[in-house]
Amino acid sequence: MSNLFQREDDIVALATPLLSSALCVIRSSGISSIEKFSKMFSDPKRLLEASGHTIHYGYLIDKEICEKLDEVVVCIYRAPKSFTGQNSIEVMAHGSPIGIKRIIGCFLKVGFRMAEPGEFTLRAFLAGKLDLTKAEAVNELISAKTNKTHSLAVNKLSGSLFAKIDLIKKDILNFLSALSVHLDYETSEYEVAIPFEIISKSRDELKRLVDSYNTARKLDYGIALVLAGSVNVGKSSLFNLLLKEDRAIVSSYAGTTRDYIQASFEFDGILFNVFDTAGLRETTDFVEQLGIVKSNSLIKEASLVLYVIDLSARLTNDDLKFIDSYKGHSKVIFVLNKMDLEPNRQTVEFFNSGNINSSNLVKISTKTLFGIDSLYDKIRSLTCFDYIDIDAYDVIVSSSRQAELLKKAYTLIIELLNKIEKDISYDMLAFDVYEVLNFLGEITGEVTSEDVLNNMFKNFCLGK
């Protein structure tokens, strides 16, 4: 059996990163955790007599070698009024990596074991402190990469997804109750009305939750934004501008970027994975050729392409080839850069002649920042509102486990509606309804197995 289910063990873990910092937090939980910890505290009697939700100042002491390890503040929690439902201790110590390791070592000496990933949250779930949707929201909150994903995780932590699932379950239970009454009294002279419309409503609610998972994946993985163009047109300058930091080398030498550089930035709550690619041109340099091949591959796979053109120079053959291939493509924005320089007459005439729809053009200068706001507006119009419709959902499902169970419940509901149309016997309908409720119960954790919990909580970080 996994250590995750050894609830009688006293566990300890570092809840903050193992880095040099002003403070760190070490947390522990278990039936005997306070008694064991008191053996390494400077005033053990005070801790043993302490009430829950109290804070105590003192020193941690390795009594085997009679040496003080650190000056600390200790928070005491008494069962059942703690995150895990057990006696728990949180130690705030100085963030010295060496000191932290010595303190953890002292915990182990007095009888604690290292916690498994997610074990504190699992104990909270097993103690009925939170359901599985909230437990998964804890992990989503910790790993959130943007303001939007953080807000969605907080909403789920406050119970929004559980409330939605619970509402669907109550509707289906009402249907099942009516079905059961009908089966009990089908030979009676009384006719029991069965609210079949409830199943149609539940189907629609489940469909919205299933669809929301696709939106969640886009939020989690981000939008692939590729900067492409000929050499020395300002792609790397634009890359640095989007990131608001100098990540790419900017040089007047053509071919400085010989392979792609990837980084991420947040815009309007959406994560963008931006790629600064090698300039497109004919070259005999083998390494640069490989970079150009990769550039073309990234362009094809991208959600959005910013094709950068030097407005002060003549269009290259590679520019013309790209324009011919992508001039009507909705995922491409043609960025006319270097507006701060004298424009090339032929290049200006080419774009003024209507070869490209003006709605796909943005004029900028990475040097003076001219037109940058217009570029952001264009990115927003092509991605945030069209590509990811966040506001269409009151609750968004982010977990693949939840999504899979919702798909199963939705499929069964569809089958149930088909059976209703075919006048299948009510006892057969009841069997399918129980199956739907079972899948929904697995989402919240009312119906689950040890294997499911092991698989879910192993993806949590240590100390959570």
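Just so it is clear, glycine is given a Cβ too, placed from its N, Cα and C backbone atoms.
Here is what Swiss-Prot says about this protein:
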type	residues	note
BINDING	Arg27, Glu90, Lys129, Lys464	(6S)-5-formyl-5,6,7,8-tetrahydrofolate binding site
DOMAIN	222-384	domain 'TrmE-type G'
BINDING	232-237, 251-257, 276-279	GTP binding site
BINDING	Ser236, Thr257	Mg(2+) binding site
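Projection of Swiss-Prot feature records onto the structure.
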| residue | record | DSSP (3 states) |
| --- | --- | --- |
| Arg27 | (6S)-5-formyl-5,6,7,8-tetrahydrofolate binding site | strand |
| Glu90 | (6S)-5-formyl-5,6,7,8-tetrahydrofolate binding site | strand |
| Lys129 | (6S)-5-formyl-5,6,7,8-tetrahydrofolate binding site | coil |
| Asn232 | GTP binding site | coil |
| Ala278 | GTP binding site | coil |
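Over all protein chains present, the Cβ of Arg27 ((6S)-5-formyl-5,6,7,8-tetrahydrofolate binding site) has 23 other Cβ atoms lying within 10 Å.
Highest Cβ count within 10 Å among the binding-site residues Lys129, Lys235: Lys235. The Cα atom of Arg27 ((6S)-5-formyl-5,6,7,8-tetrahydrofolate binding site) lies nearest to that of Ser236, taking the binding-site residues Asn232, Lys235, Ser236, Ala278 as the candidates. Remark: of the binding-site residues Asn232, Ser236, the most isolated position is Asn232 (fewest other Cβ atoms within 10 Å of its Cβ). In this structure, the C-alpha atom of Glu90 ((6S)-5-formyl-5,6,7,8-tetrahydrofolate binding site) lies 55 angstrom from that of Asn232 (GTP binding site).
Between Asn232 (GTP binding site) and Lys129 ((6S)-5-formyl-5,6,7,8-tetrahydrofolate binding site), the C-alpha separation comes to 58 Å. Of all Cβ atoms in the shown protein chains, 18 besides its own fall within 10 Å of the Cβ of Glu90 ((6S)-5-formyl-5,6,7,8-tetrahydrofolate binding site).
For the pair Lys235 (GTP binding site) and Lys129 ((6S)-5-formyl-5,6,7,8-tetrahydrofolate binding site), the Cα-Cα distance reads 51 Å. Confidence across the domain 'TrmE-type G' (222-384), taken as the mean pLDDT and rounded to a whole number, stands at 81. Cβ contacts within 10 Å of Ala278 (GTP binding site), excluding its own Cβ and spanning all protein chains shown: 27. The separation of Ser236 (Mg(2+) binding site) from Lys129 ((6S)-5-formyl-5,6,7,8-tetrahydrofolate binding site), Cα to Cα, is 50 Å. Between the C-alpha atoms of Ala278 (GTP binding site) and Ser236 (Mg(2+) binding site), the distance comes to 10 Å.
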